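Note sheet for the following structure.
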């Protein structure tokens, strides 16, 4: 009723933005008359005015005042540099982002271009802007592509990549606009707060941040905290023994009910991702290991056995991890990408290494951690973009205080979403997927098939090979990751078939007919790598090969069952046409010129990529080599476009891109992301999901109803099932999972909120010390607090002064401050408690000045260095121990629910007490260390 009376709030909001859009449009003609240099001058004038205002409220008002002009400048720069003009709906998206909201824009509506508007405006404050993407590839692409606009206008653009050293990171963070992944930003923040010198700190104070694919980062990845670990020695033979034992144990066929153990040695709860030993299993393990108690603190085994069982049942090779260079490398469940350097904690990674007979790496201990929720809440200005935010609107608002606004599409959507096809068995489903893929391919339409794991993508690849359907595989396998740019460039070509693992998280648009710009870059890279790249750095882009199949039609039993076979990729010809001899000759001349300028095989692959990317820009350059490269790129692109424009028309006429989903995701939002790959910007397209009753979602969360359905449907595996009850079960299962994971994220957030307040206090103290701000006053403050604590511990105000334990008090003071060796009870016997505290504090200050004069004689400035060293040492050591204690507390506090106590409140109260104790110990240890500090002097100095 309220909605009917007041209208849709989203529509009301969009109407409010309309006058601003009209003002930007009004300024367009005026701004278009300016020369390139005048545009840059306008930027400098705006930056000088806005950055000079130190009052935050007034600065915000200035940003609002200059928004129309700033957006008009960016629009004009984009037209000149990218040949792309912001539509009115994209301007609305920019306004929404500037107001620190989430802009929901459908796939292909130009989210990446929209981000240039608020990023430019907020960069004018001079405080820096971060643009966050889900992976290195997208960060690099956006910095190269959209960075052209900002560089053209005179702003500096930085990029953070995984392999950068601290100096490179600092330089890039100091830029006006910096592109980075969420994990790189988070880990740099943690590393900065472990730095021992202010020069090691790479990040500036946070200002404004735009997150691309915001739901992927703030929702999907919010269950996993960022952790920096240090190594801890643990007995490796226990992991090996537990792995051997796990193979001897039998899995129970069902979970226990009403306290009765099922038959078997252990139960697997896939929903909770846990393995639990039965009574029979406990007995079997104790007998096998020759021990009487698996939980014996002197010789614990339970933790190792549980991890070994989880490695056996829940961590699957080529799904959760792959083996690369004799190491188990994690595969990101949301993006399908490998995450080298990341390891599971609590001994789980070691259990997987034992299972796969790999070298077992030392176990780790947490040194620093933070959740994505609390990390991104550190930004005063936070905004995000996604194609699907409304399904998680409540969580965005509750956790992050972020409103969501749906931005209208520029063109009407023409995509058709075909009804789901559900099969009784997984094999039936995969056969149907292969059949529909082959059919659409023969119609001349491109097909994108989304799979959930490396294993499944390779099964489908083998089925398509038997049908002689050429296709590309894009998954976490290293040989496929290297070809990502090539695969995406041609995924929209006529009849192209692309199998992608978790494509929904990749954030890459597929252009109908193929991407001529990418293809031109790849062509030049293919020619230049052998001539310009150092031999040890050489990674030539693989030349696509057509793979033949010995099979003659149909599906062999081998193809269906061989899920884990490592399959080579097939591909259509990458380049749309062969360049003629004159063209090849021209490219040969270019190669010779570049070798003269840049040296024979002197560059790394990344350096060559950078130069090709710079050449692809339209920004002005004085580098003749870049000019030559730019000219050649443009010529190759035009040649390819001549062919691809006809191919684009052909694909449009055939019906556009067809997207196939092979499993419902845990979240409806991710299903919608995958669907959104088709029908971008008003293109034609279609989508369909193929499901089976064996799929994880239905099997784990569907409950007994789905199990009964499986028995009820007496149909062939090749026959699709259509049932209203089944559709409802599917929707119900997805809602259950969304609620289940929301509760987990909420719990992670609530528990980390306790740690977050402590983290802020510790990191704030640490930063003051690193900057060397009032170090002496800080240490004296620690000492004064310690004197008060000693008096409170040894003097009981309820007792008369003659009964006070003055001797023990003096003894304790001397433990901390040996320079007060001549302190006697006669000096303080007649003092009141307050006078006693003041007297001891005064004596501490005198002793500290005396200590300082001794140390400074050895070398001026040494006392300040010692203060910084000891404070940082104590903070780091005690914080590390505190993190371990808090982890243990969190694990144990859950059991208090059985005693009618709220575990979270218990965690907050005990955690707070533990934190106060840690800070007290830190102060006392620093004071003790400072007075005991006796630097070694050079023998020659003494003489």
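Glycine residues also receive a Cβ, built from the backbone N, Cα and C atoms like all the rest.
Per Swiss-Prot, the feature ATP binding site maps to 90, 108, 109, 110, 111, 112, 509; the stated evidence is sequence analysis. Look at residue 90 (ATP binding site): DSSP puts it in a helix. Taking a C-beta cut-off of under 8 angstroms and a sequence separation of 6 or more, residue 90 (ATP binding site) has the following same-chain neighbours: 109, 110, 113, 114, 117, 410.
Summarising the annotation, Swiss-Prot assigns region 'Disordered' to 537-556.
Listed in sequence order, 142, 145, 146, 212 are the same-chain residues six or more apart from residue 112 (ATP binding site) with CB atoms under 8 A from its CB. Annotation for the binding-site residues 108, 110: lowest Cβ count within 10 Å of the residue's own Cβ, 110. Secondary structure at residue 109 (ATP binding site), as computed by DSSP, is coil.
The Cβ neighbour count for residue 111 (ATP binding site), using a 10 Å radius and every protein chain shown, is 26.
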